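In what follows, a single structure is set out as structure tokens and then discussed.
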Amino acid sequence: MRKLLAVMLIAGGMTFAADGAAIFKSKGCASCHQPAADTVGPGLKKIAQAYAGKEGELVKFLKGEAPAIVDPAKEAIMKAQLTMVKNLPEDQLKALADFILSHK
């Protein structure tokens, strides 16, 4: 039973990161955020560096509950886009944040 639980936990962790990538893609985030380059919005690497060790703050931002700490001048553009993600379940928001933070 313990082995089964361990396997389930490991498998769940692997799908968690994959879920974040799927959410990022399905919500159209890539149209403004590229892995390493700033386009309409900051690149994922820049976001990951700014939010390093601050996953909770990133999740709050994704919910629309915290100000942007990366490129605040473009916050109004992003606020309009947050409607696509801010009401996601907490686990999906964390998966999305983990995916973004993986781009250090």
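Positions of Cβ are set from backbone N, Cα and C atoms, glycine also.
Features as listed in TrEMBL:
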type	residues	note
BINDING	CYS29, HIS33, MET84	heme c binding site
DOMAIN	15-104	domain 'Cytochrome c'
SIGNAL	1-17	signal peptide
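Location within the structure of each feature annotated in TrEMBL.
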{"residue": "CYS29", "record": "heme c binding site", "CB count, 10 Å": "18"}
{"residue": "HIS33", "record": "heme c binding site", "CB count, 10 Å": "22"}
{"residue": "MET84", "record": "heme c binding site", "CB count, 10 Å": "13"}
On average, residues of the domain 'Cytochrome c' (15-104) score a pLDDT of 92
For the domain 'Cytochrome c' (15-104), the DSSP helix/strand/coil residue counts are 55 helix, 2 strand, 33 coil
Residues lining the heme c site besides CYS29, HIS33, MET84 (CB within 8 A of their CB center) are PHE24, LYS27, GLY28, ALA30, SER31, CYS32, GLY41, GLN81, VAL85
